[in-house]
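Asker: Just dropping this structure here.
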Amino acid sequence: MVVVLAGYLVALGILMAVRGAVEPRGFAYWVGAGCGLALYTAAFAVTLSPPPGRFGRSPALVAIGLTLVAQAVVWVAVAADGVTDAHAYLPMFVTAFVLETLLVFRSRAVIAWVGALSGIALGLVLGAVTGATHWWSTVQTTTAVLLAAATAATAMLSPLFRELDALAARHERASDEEGAGKAALLAREERIARIDGRVRPLLENVLDADQVTGADVRTARLIEALLRDGIRAPSFDTSEVRRAVWRARDRGVSVTLLDDGGLSEVTVDEAAVILAQVSTVLCAELDALSEGEVVARVAPPGRCPVASVTVAHGGTRRRVEFSGGRTRVVES
């Protein structure tokens, strides 16, 4: 459909250019044709942009508004051109009915007919004052009849169109779910590979040495804590945070990571900003400590602040709060 309409608009532009060259026209003709074509192109773009099932009243009204403005511009060009016969501009007027027919097929018949009748009324008012003797054409009436036929056909086929829109919407949801499923599977495989990379050397070392050392036990506990972090705090499951947490725990720092799902209520961009800020502060605090306790938490949905990093060391307690891209430090 997009290719067909793009071809139609290109053909319309070529036709208007050829007519302007064969029948020499004034500046008003070229301005009217150019502006009208640009407005129609914008109207078609607005009509075709929303996916099936999501074409609401607002884009339909915008498209009709652009169409009426295009028709008004063309009528002004007819008057300024000073021609006695407006047939050279006829393709521009017919294009309005093409767009209105498209609106009918997109289940916006009422808005399409409001636009069509408004365009006819506009032509009757402006056409009469242009000074042209042949400002009305039977083609405009014929296109209105074709619009009526399209409306009748759409009414009969509307159940089919609704089903097609529903199928398209379901296909889109299925594609999104499939993409999310693939992403989750890749993340799971990556996590398994990461765990294998830490556990396998430990087990091989135990088998080769035929005994379990204190270092092996310490490493096993660090791996267990890392696995627990991945389950309890998926938002913090990044390579930078994992490395910083591992180093801090290895030095004896108590680290607790919690994710209660508060980031699900903010936009993806806001969540990315908050996580970047939290990760930077968390890694810096972990690398600076040789003992003490650090708790990083994403709050439950609806809570403020959205996330926090609490550090307890040497009798002091500091809490860094993150919310809406802002940070606040509270010490006690």
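Cβ coordinates are placed from backbone N, Cα and C, and glycine is handled just like the others.
Because TrEMBL annotations are produced automatically, they should be read as predictions rather than curated entries.
Features from TrEMBL:
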- 27-48: transmembrane segment (TRANSMEM)
- 60-80: transmembrane segment (TRANSMEM)
- 86-105: transmembrane segment (TRANSMEM)
- 112-136: transmembrane segment (TRANSMEM)
- 142-161: transmembrane segment (TRANSMEM)
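If you look at the structure here, what lies around each of the features I listed?
Answerer: Sequence-distant contacts of the transmembrane segment (60-80) (same chain, at least 6 residues past either end, Cβ-Cβ under 8 Å): 26, 28-29, 31-33, 35-36, 39-40, 42-44, 46-47, 86, 89, 92-93, 95-96, 99-100, 103, 106, 108, 111-112, 114-115, 118-119, 122-123, 126-127, 129-132, 135.
Through the fold, the transmembrane segment (142-161) approaches residues 94, 97, 100-101, 104-105, 107, 109, 112-113, 116, 120 of its own chain, all at least 6 residues removed from its boundaries and within a Cβ separation under 8 Å.
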Asker: For the transmembrane segment (86-105), give me same-chain residues lying six or more residues beyond its boundaries with a C-beta closer than 8 angstroms to one of its C-beta atoms, as numbers and ranges.
Answerer: 5, 8, 12, 15-16, 19-20, 23, 25, 29, 32-33, 36-37, 40, 43-44, 47-48, 60, 63-64, 67, 70-71, 74, 77-78, 111-113, 115-116, 119, 123, 127, 130, 132, 134-135, 137, 139-140, 143-144, 146-147, 150-151, 154, 161
